[in-house]
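Note sheet for the following structure.
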Amino acid sequence: MHAGGKYCGPRHCSFYIIAFLICQLFFLVIFIRNDDASSANELLSFMNESEESDHLDWRVFISHTPETSEDFYQYNIHLSNALGLIRKLPVTRHHSCTTRNSILPAPLEANVSVVISFHNEARSMLLRTIVSLLSRSPEDYLHELILVDDGSQRDVTLLDDLKRWMGGVFGSRYRLGLTFLRNQERMGLIWSRNRGASLASGRYVLFLDSHCEVNEGWLEPLLERLALNTNLAVSPLLDPIDPTTLSYRKGNELLKGGFDWSLHFHWLKRQLTNQESLEMPYQSPAFAGGVLMMSREWFLKLGSFNPYLKIWGGESIELAIKLWLCGGQIEIVPCSRIGHIFRRRHAFDFPPQSDRQLSPAQETYLHNSKIIAESWLDEYKNMFYALRPAARRIPLDHTYDELQRMRKERRCHPFEWYLRHVSPELRMHFDELSATGTLRNEDRCVHARQKDSQPILASCYLSDITQWSMLRQSGQLSTHRELCLAVGFGMRIALEPCGRNETVRRSQRWVRLGTHLLHAESHLCLDNPLKDRLEMSTCRSHAVSQSFQFALEMEGQT
Ligand code: LR7
Ligand code: MN
């Protein structure tokens, strides 16, 4: 090998060293500039100053929102348009969340695919959802955004315009994956979210409504919890955004997600234990509504959202039940905050269904609930049917073989386990009752109409026919609105707010003698002497007019 060329002398060497240092400096400058560009401020100012570039300006994008009536979106559209791309949000989480650093895995092991399905969403609202996500998530952990336009009707160019706008802003500068999908026909949010998730490639998948604003530091606390347990699924704490004023308020940390025996979602109160503080993650029987994040692989293994559920409703309850029963857990993480507009009514129609007595929205929800009951509730499904008798009439066009196979393969617990270990509230409600459901006398049922306090007998097939609960301890007979059947002045039957103190309770106490309902204080029996009337009269053991049956007897079932 020759000397010369390959090895440097002192003069040459200093030249190389200086050149090397200059290169380093050059790369450092580029690196710092890039790093800056990824910060939220830079991102926002770039979006704001983008008029000179050739992509669609966001103000133009919003100005193409079709003219609609005020209640088309069920929120204040003018205010939403006026708010712009992003706004400062109040800090709603506990101050300790801001001061502590989350311990996170490397980005490649913890990156997130966000799936947003929308149907008839206003441009400004959807944009704010997306921009809040992009500017308040650490870039390395946000893997991709999958947007599904679920057959929006008025604004058919929205998705294409959005593609142009986002392509212009993010096209060459970010590693963020962008997928835009459109269902030509509306498929419902459950199917659409599944479609999005099936195309995702991040470690985790997050589902979000299209009218949310994520708050500062929302992602890190969720990632931190998920990294500790692969079978965990998490929800942030939801901060409500008012649909009229769009004001962003602080959500309640003392609530967890749950559902009742009709399979309706409810917030449940929780109590802090001695060692617990408000900002600590806590277990929850169900998700905080529909925002949830979990391992994509685990989501797919559990069969995604049940694909037989239609349009809207029940999917997060179904996922919660199967998660808990098949080896997972759910936590709500109060250091993670996401704002959501809670609308007073649905902002969309439901496709027509077959049952004349139910609205399409009711029937769709009932259909979905029936699938959950049949798939997961085992013998407790009787409780569901007792409270939602109309569900029996709803036809289902599939069998449960696949799901039962999954339950077996994954050795999922029976529903009993969920009652024992996950939702004592649901179990307590079951244990509290001695009978429930409609209360039938021959072919008619005892019905408490909204407008008056005098119950009558009505067709058992009314869609809102009253469901009664007979409380084991107090003997009270209550409706779901916490009104109790009582006997008042002149032996008149009336509905009163269910009493908690002894005196009131005594006048609301009923004793069951066979199928008779005996009022404890007056010793008279509930009777139907004439047409739809209800009266109190002397008990006669064989009187058919005094015979009342509940849809479900719980005696001996616990
Ligand atoms: O046919 C439809 N196709 C859709 O893509 C109907 C709706 N959608 C979209 C819609 O545009 C919205 O983005 O689906 C999303 C949810 O519909 P909303 O916002 O009209 O209803 P909601 O806020 O009452 O939804 C709650 O219940 C749903 C039941 O299926 C889902 O679980 C939602 O995720 C749930 N939302 C929340 O709990 C709010 C939390 C924020 C989030 C995410
Ligand atoms: Mn919503």
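Each residue, glycine too, has its Cβ placed from N, Cα and C.
Here is what Swiss-Prot says about this protein:
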type     : residues                           : note
BINDING  : D150, R186, S210, W312, R343, H346 : substrate binding site
BINDING  : D209, H211, H340                   : Mn(2+) binding site
DISULFID : C97-C335                           : disulfide bond
DISULFID : C326-C412                          : disulfide bond
DISULFID : C445-C460                          : disulfide bond
DISULFID : C484-C498                          : disulfide bond
DISULFID : C525-C539                          : disulfide bond
DOMAIN   : 422-556                            : domain 'Ricin B-type lectin'
CARBOHYD : N48                                : N-linked glycosylation site
CARBOHYD : N111                               : N-linked glycosylation site
CARBOHYD : N501                               : N-linked glycosylation site
REGION   : 109-225                            : region 'Catalytic subdomain A'
TOPO_DOM : 1-12                               : topological domain 'Cytoplasmic'
TOPO_DOM : 33-558                             : topological domain 'Lumenal'
TRANSMEM : 13-32                              : transmembrane segment
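The binding-site residues examined here are H211, H340, H346; by Cβ neighbour count within 10 Å, the least packed of them is H346. Per-class residue totals from DSSP over the domain 'Ricin B-type lectin' (422-556), listed helix then strand then coil: 21 helix, 53 strand, 61 coil. In the set D150, D209, S210, H211, W312, H340, none of the binding-site residues has a C-alpha within 10 Å of the C-alpha of C525 (disulfide bond).
Cα spacing between H346 (substrate binding site) and C326 (disulfide bond): 32 Å, rounded to the nearest whole number. For the pair formed by H340 (Mn(2+) binding site) and S210 (substrate binding site), distance between Cα atoms is given as 9 Å, rounded to the nearest Å. C326 (disulfide bond) sits 26 Å from D209 (Mn(2+) binding site), taking the CA atoms of both as reference points. With respect to ligand 1, the recorded positions D150, D209, S210, H340, C498 contribute D150, D209, S210, H340 as residues with a C-beta closer than 6 angstroms to one of its atoms, given in sequence order. Note on proximity: among N111, C412, C460, N501, C539, the recorded positions of the record, the Cα nearest C335 (disulfide bond) is that of N111.
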